[in-house]
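Record features (TrEMBL):
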- 12-29: transmembrane segment (TRANSMEM)
- 108-126: transmembrane segment (TRANSMEM)
- 138-171: transmembrane segment (TRANSMEM)
- 177-203: transmembrane segment (TRANSMEM)
- 210-229: transmembrane segment (TRANSMEM)
- 249-269: transmembrane segment (TRANSMEM)
- 276-294: transmembrane segment (TRANSMEM)
- 306-339: transmembrane segment (TRANSMEM)
- 351-384: transmembrane segment (TRANSMEM)
Amino acid sequence: MKTIKNKNVNLVLLVLYFFIVSIPIIILFKPTENLLLESDFLNHFVAAKIVKDGKGEKLYDIGFNYQIQEKYIERTDVRNRNGFRLIPASVIIFLPFSFLHPLMAYKYFVYTNYIILVLTSVWLSIQFRDLVRGKPFLGLIPIVFLPVLLSLRMGQTSVILLLLYASLYFLLKKKKWFLLGFFTSFFLLKIQYLTLFPFLFILSEDKKSYLKGFFISMLLILSVSLYISGWQTLQKYPEFVLSSEIPKLGSNAALSFTFYGFLLAQNMISKMPREFLIAANLIFYLLALVIFRYRYKEVDREKSFISAVLFSIFFSMHTLAHDLTVTLIPIFIILNLVFLKKEKRKYVSQIIVFFLFFLPSIIFLNTTYFLQFAFLMVGLFFLFPGSRSHEEN
């Protein structure tokens with residue numbers, strides 16, 4: 001009874017601590033027109049307005065998006081050149097904010113994301129309680145992680161995806177296969193993250209339940225998308241996403257922390273047909289899946305999940321600095337393995353954590369300097385341990 005009471009007190013203190021830390025950040029954040037123009041939120045806000053007005057079939061009409069933008073804020077051809085690029089069902093996230101002025105909507109969306117971040121940080125601190133109890137400052141990592149700050153500033157959904165990745169990890173550990181599949185399909189809301197799906201399928205012990213959950217959820221998401229935009233718009237979505245992945249529309253995939261981004265950044269290779277680059281990425285992605293399939297049983301579930309996440313990032317088509325928010329989950333898992341002495345390569349693992357934490361900072365140099373290959377190397381590192389690790393119960 002005393003232990004339970006102490007845990008409850010610690011939980012309350014932890015929540016209060018995070019919210020006290022949050023107060024100055026919330027007060028200091030002042031949305032401006034420039035911040036809004038440079039953010040991705042404006043595109044999401046406009047998409048919500050379009051759907052609210054019953055014109056979902058025009059979601060991916062860039063010209064129409066610009067017309068709606070100009071009703072609320074003066075824009076230029078230099079900034080905010082891209083439009084809405086998520087699947088139609090994603091608009092639901094932004095609909096509540098479409099009733100506000102864009103600046104107020106941006107402000108409250110950032111606040112909402114920050115609250116989700118704090119709650120996710122508290123949840124991670126509870127789940128990794130031994131680690132955080134031993135080193136309390138680690139609980140603050142999510143609040144000071146550069147990709148998180150970039151995501152908040154840009155009005156992106158990466159913090160929500162962080163919560164999703166954390167949920168998938170704990171569902172995997174608890175062997176909740178139907179729910180694992182159900183929530184995996186949420187990656188349709190930001191389709192480049194679907195590269196994790198085959199890895200989680202491999203890790204699932206009850207593949208039938210996993211696929212059942214995945215397809216039920218997928219049908220729900222596609223049905224909502226169909227209702228919002230109609231069949232003609234929805235069927236053109238994959239083609240639209242690929243065709244809009246260009247600097248002219250504000251999306252520079254060459255700055256992605258991915259193998260595809262690496263190919264685009266090479267002058268000679270980037271001149272090749274895009275289909276060739278996509279095929280090359282797909283071939284190496286399939287090779288990574290084969291290696292993973294033959295190695296995942298040789299390591300703990302935690303290590304196989306680390307590898308799965310990092311491989312899926314490396315072979316995604318589009319992973320910018322703010323998208324690296326989700327690497328917080330591998331970072332926490334690695335730190336926990338070291339703390340619990342389940343990883344014998346302690347010092348190398350600590351260097352990896354340090355590297356993963358500061359790697360996104362390279363984006364300020366407007367290049368990735370081949371450092372995206374770190375995700376591939378670290379993924380292989382945890383698939384090929386020096387000796388067989390302790391298995392989970």
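For all residues, glycine too, the Cβ spot is worked out from N, Cα and C.
Two recorded stretches are said to be in contact when at least 3 C-beta pairs lie under 8 angstroms, sequence spacing 6 or more; the transmembrane segment (210-229) and the transmembrane segment (249-269) fall short of this definition. The stretch in closest packing with the transmembrane segment (306-339), judged by the count of Cβ pairs under 8 Å and taken from 249-269, 276-294, 351-384, is 351-384. Under 8 Å from some Cβ of the transmembrane segment (351-384) lie the Cβ atoms of residues 141, 145-147, 150, 255-259, 261-262, 265, 288, 291-292, 295-296, 298-299, 303-304, 306-308, 310-311, 313-314, 320-321, 324, 327, 330-331, 334-335, all in the same chain and six or more residues away from its ends. Between the transmembrane segment (249-269) and the transmembrane segment (276-294) there are 3 or more Cβ pairs closer than 8 Å, counting only residues 6 or more apart in sequence, so the two stretches are in contact.
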